[in-house]
Amino acid sequence: YHIGLEFIGPLVSSVEETPYPISTVIKGEIPSWITGSFLRNGPGRFEFGESKFNHWFDGMALMHRFHIKDGQVTYSSCFLRSDSYVQNAEKNRIVVSEFGTLATPDPCKNIFAWFFSRFQIPKATDNAGVSFVKYKGDFYVSTETNFMRKIDSVSLETKEKVDWSEYIAINAATAHPHYDRDGATYNLGNSYGRNGFFYHILRVPPGDGKNDVADLSGAEILCSIPASDPRKPSYYHSFVMSENYIVFIEQPIKLDPLKFMLYRVAGKSFHKVMSWNPELETIFHVADRHTGQLIKTKYYSSAMFTLHQINAYEDNGYLIMDMCCGDDGTVIGDFTMENLQASGEELDKFFNSLCTNLPRRYVLPLDVKEDEPNDHNLINLPYTTATAVKTVTGVFLSHEDLYNDDLLQYGGLEFPQINYTYYNARPYRYFYACGFGHVFGDSLLKMDLEGKKLKVWRHAGLFPSEPVFVPAPDAKDEDDGVVMSVVITPRESSFLLVLDAKTFTELGRAEVPVDIPYGTHGLFNEMS
């Protein structure tokens, strides 16, 4: 039980944008081989005039760019000129409903409610504040509705709005696509109609990044998975991809679309639309990534929820899936502005109510014979204690914990990242993440899966963002390179931190002379 947590109000306060690049103060040394831009996204404005957003996620998307060259770093930031932003700014009040903030505000109680915007009957918001993504070589900012925005990755200028549903019969796509080595992008969407509720795996073909206009043409649905209960589809945030398979995890966080529509019409808040159902199982739907064919075997585990995948790969007829999981979907958290701006006992109480997310490995046998006997473990791999047992209804999976007890003192971990370029969908040894000893990440962690050993970067009052790994140009080992994170602090200047990924010690930092709010996800764009 934590007490005396530091006040984090400044991390969720509105800032001004910095549209023209400004220089930063370098301490230590930024390796000269790093050339490119670290792009990040997240909420950056929480009120217009007298009206305030109720929910952290509702804040207007602010895009950040750290441009790194020859050991020097410049910083710029721009608000996404979404329709929502433009209309609110013109009227100087909130006129477009976001998820926790109806235009007549009504505080929303649940982190997930915001993601419901995918079922919104009135127009979904285009305030794309979750991540930066790539389709056909072009950069977009994304949230979880049907709208994305193309972005100029140098000037951060907002380009055209893209509606997924104009290219393909889906309502929405996640903010966490996967990329294959040919440059194609995969994602997960859904549709809801007379035939019921479907989850769809999508593929957008490669491109050269030279498109003048946003272009998702050639997008196709690889595979459609009917919801196990069409009246209660599951919430999802990401999916699993290995060399030959895609796995959709149908988790027991359920949405009630009918309630949703009624609430929407009545203008009520939506936290009651989502329910955690621990009596239900978690179902793993496995599809061939090349043909879209679903594997007939039903794989399932006890109730858990997962937001972010770490990695997945195949080995000897098994699919190994590593992800951050939690066991209690009721306490996923009320990320309301009120809770985040609390102090003293109120803040401690809020933090202690949150679920600890921990890394786990599930292993799934790909070829289960009909005559296989029930009730014995089908997994025969020397390096995992995860099990898969054939039952009357399918194959029941039990996980292996990918950590030792020392992780618990850092509050578990989230926002995992790997050496994606060279090791995604392949056997790997390391991942990087934020430790959560506070409501927002307050440490950076490196996990070595050989022995589950941790390396930690943690300093009081510093709140690091999702770590992003950048491989060194002549890398031999998986962890040859750097880990970058934007460190926000209520105390002094925020800064871009560059750690040596191998030793997990600081190489240098670039201090930014303007305030930066706490953000969500980002990526590194290598530029020639």
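Any Cβ shown, glycine's included, is placed from N, Cα and C.
Automatic, uncurated: that is what TrEMBL annotation is.
Per TrEMBL, Fe cation binding site is recorded for His176, His237, His308, His521.
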The number of other Cβ atoms within 10 Å of the Cβ of His521 (Fe cation binding site), counted over all protein chains shown, is 22
List the same-chain residues at least 6 positions away in sequence whose Cβ sits under 8 Å from the Cβ of His308 (Fe cation binding site), in sequence order, or say none.
His176, His237, Ser238, Met323, Cys324, Glu414, Phe415, Pro416
Starting from the Cβ of His237 (Fe cation binding site), draw a 10 Å sphere and report how many other Cβ atoms land inside it.
20
Which chain neighbours of the Fe cation site, leaving out His176, His237, His308, His521, have a Cβ atom within 8 Å of the mean position of the site's Cβ atoms?
Val130, Ser131, Thr174, Ala175, Ser238, Leu307, Gln309
